[in-house]
Amino acid sequence: MTFEIGLVLMIIVIMLGCLIAEISRPEIILFATLAVLLFIGVLNPEEALQGFSNEGMLTVGMLFLVAGAVQQSGLLNRMILYAVGSSRKSSNFLPRMMIPVAGMSAFLNNTPIVVMFTPVVRRWCEKRGIAPSKLLIPLSYAAIFGGSLTLIGTSTNLVIHGFMLDQGMDGFTMFQLAFVGLPAGLLGILYMTTIGYRMLPERKSSSESFQESSKSYLSEAVIEPQSPVAGKTVAQAGFRSLQHMYLIELIREGQRTAPVSGETRLQSNDRLIFTGSFTTIVDLENMNGLHVKTGTDIELADLQNGSAALYEAVISHRSSLIQKTVKESCFRANYGAGVVAIHRDEETMQQKIGEVKLKAGDTILLLAPPDFFQRWANTKDFYLISPVSKPDISKNSRPILSLTTLCAMVTLAAFQVLSMFEAAVLAVLVLLLAGTLTIERVRRWVQFDVLLLIACAIGIGKALEQSGTAVFLAEHFTAASSIFGVTGALIVIYLVTSIFTEVITNNAAAVLMFPIAVEIAVRLDQDPFGFLVAVAIAASASFMTPIGYQTNLIVYGPGGYRFSDYFKVGLPLNAIYLISTVTVVSTLWIE
């Protein structure tokens, strides 16, 4: 091992440690790693910037826009309501949900699909007395199954495809991955509808927890006549600077205001609704001129009216709110919503709400204006879980145009009339000329942090290749699996990629394993294509943790799951995918 290889390995290990410890957002960590590799001379500027012109990365950016147009059109809502239909038994509902979700995820971003399906599934469960925890993990897994069916199923597939083109290889065709993904997905659905369903727990969802514990975190105070706070603004009265309580709603003569501005002027007999543990109610009792009602019956439903509604949101793994307290995040000022409660690890948190440090997967209950969903549905900071109703599709949404554009793009790429990148560019051009895309929508729909992560990961993968680190690791992986030959090497590649995916991001895992998989294939005198198919499948088949894939995180809080639930149900599913992938790859692409 040379000094340069040792240095690169040390940098990669530090990067992985930072990603696992979540000391910052993944794209920031990867950008810092790329910068270090550039500054120490492992990469020159051209090599470091290679990822920013990678065809796969640019295609991902274009597909964000195409998928956004389809989502905006209301077609997803209609598909969801049609897919659910009138199923009355969970045994019928599960395949009826999983098959359409997998089909949609093969062509569209799976995050909005799962976000939109989640409230539908929960509402179906509530009507029939079934715990949502029996169905929400299958919902997430179905979206993952679909991602392995097509080239555009996940960004990971496109990243590997782009990397292959950069290396002078033939990339994936539109449905080539389906040779592996389809049998694996069908086996996965069979497993979930038979064995997996029985292994899933029956737990309270976040919404049930919020409802049942509302009396432990909602308080009411009435401004007494002649109170010194009457006539003052909310900020002047000190209600914006309470350490442990948050003012979320003001009721005046039956009219409710939420969220409450710091400039709102208070009057006698105003009713103030606060959130915070009863152990901190002394904050209110110490204020003169307030009559604090302890033990009052305040229901969550009472907080809602024509000017305010309750929303559930799940903190995303890409959120800028992670590791910030509710107070530090200035949530009310930045988003126009009050944080009513926080659900984590099966229960509503009872500690001082302002001091809670937010984590990825936390479910937060928000009180906000009715237009909150429209304004923040596409934020990267949280996934909004909101009931889906039959959409009112206006002429401006152009649903037929959006669907036709998507179908034409897939057809042109599938029959290789155009490359995937060219077909995506053409689709975006059509949407631009039709007026479906605007600058504002481009800003909202394109996940620039994901593109930055992919671009940086490609540069880091180039460093593994240029420094000889990929060759060094390939030698050791090959030696470790030599007893079992090519099949053993495939299993090792799949397992290592799968482990990386569970603890870091799927795109980073794929790019790190790409040069290693190529070197192993070369050493075994095999075509790298089959090995890269295994990497693509393993990088997306994340079933064992809630943090390995964004859809797992979306259902984590709403389903009331524990970390161990994913491991218990996902481990056999990972084994199914491993066996299926290695079998098909060995049959089709290994000599």
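Note that Cβ sites are derived from N, Cα and C of the backbone, with glycine treated the same way.
Record features (TrEMBL):
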TRANSMEM  5-22  transmembrane segment
TRANSMEM  28-45  transmembrane segment
TRANSMEM  57-77  transmembrane segment
TRANSMEM  97-118  transmembrane segment
TRANSMEM  139-163  transmembrane segment
TRANSMEM  175-197  transmembrane segment
DOMAIN    205-290  domain 'RCK C-terminal'
DOMAIN    298-382  domain 'RCK C-terminal'
TRANSMEM  400-433  transmembrane segment
TRANSMEM  445-464  transmembrane segment
TRANSMEM  476-497  transmembrane segment
TRANSMEM  503-522  transmembrane segment
TRANSMEM  529-549  transmembrane segment
TRANSMEM  569-590  transmembrane segment
For the domain 'RCK C-terminal' (298-382), residues assigned helix / strand / coil by DSSP: 21 helix, 27 strand, 37 coil
Spatial neighbours of the transmembrane segment (445-464) far in sequence, C-beta under 8 Å, 6+ residues away: 8, 12, 15, 25-27, 30-31, 33-34, 37, 42-43, 47-52, 54, 56-57, 60-61, 64-65, 67-68, 155, 159, 162-163, 318, 378, 380, 470, 473, 505, 507-508, 510-512, 514-516
Contact between the transmembrane segment (97-118) and the transmembrane segment (529-549) (3 or more Cβ pairs under 8 Å, separation 6+): no
Interface-richest range of 28-45, 175-197, 476-497, 503-522, 529-549 toward the transmembrane segment (569-590), CB pairs under 8 Å: 529-549
Criterion met for the transmembrane segment (5-22) and the transmembrane segment (503-522) (at least three Cβ pairs under 8 Å): yes
Interface-richest range of 28-45, 139-163, 175-197 toward the transmembrane segment (529-549), CB pairs under 8 Å: 139-163
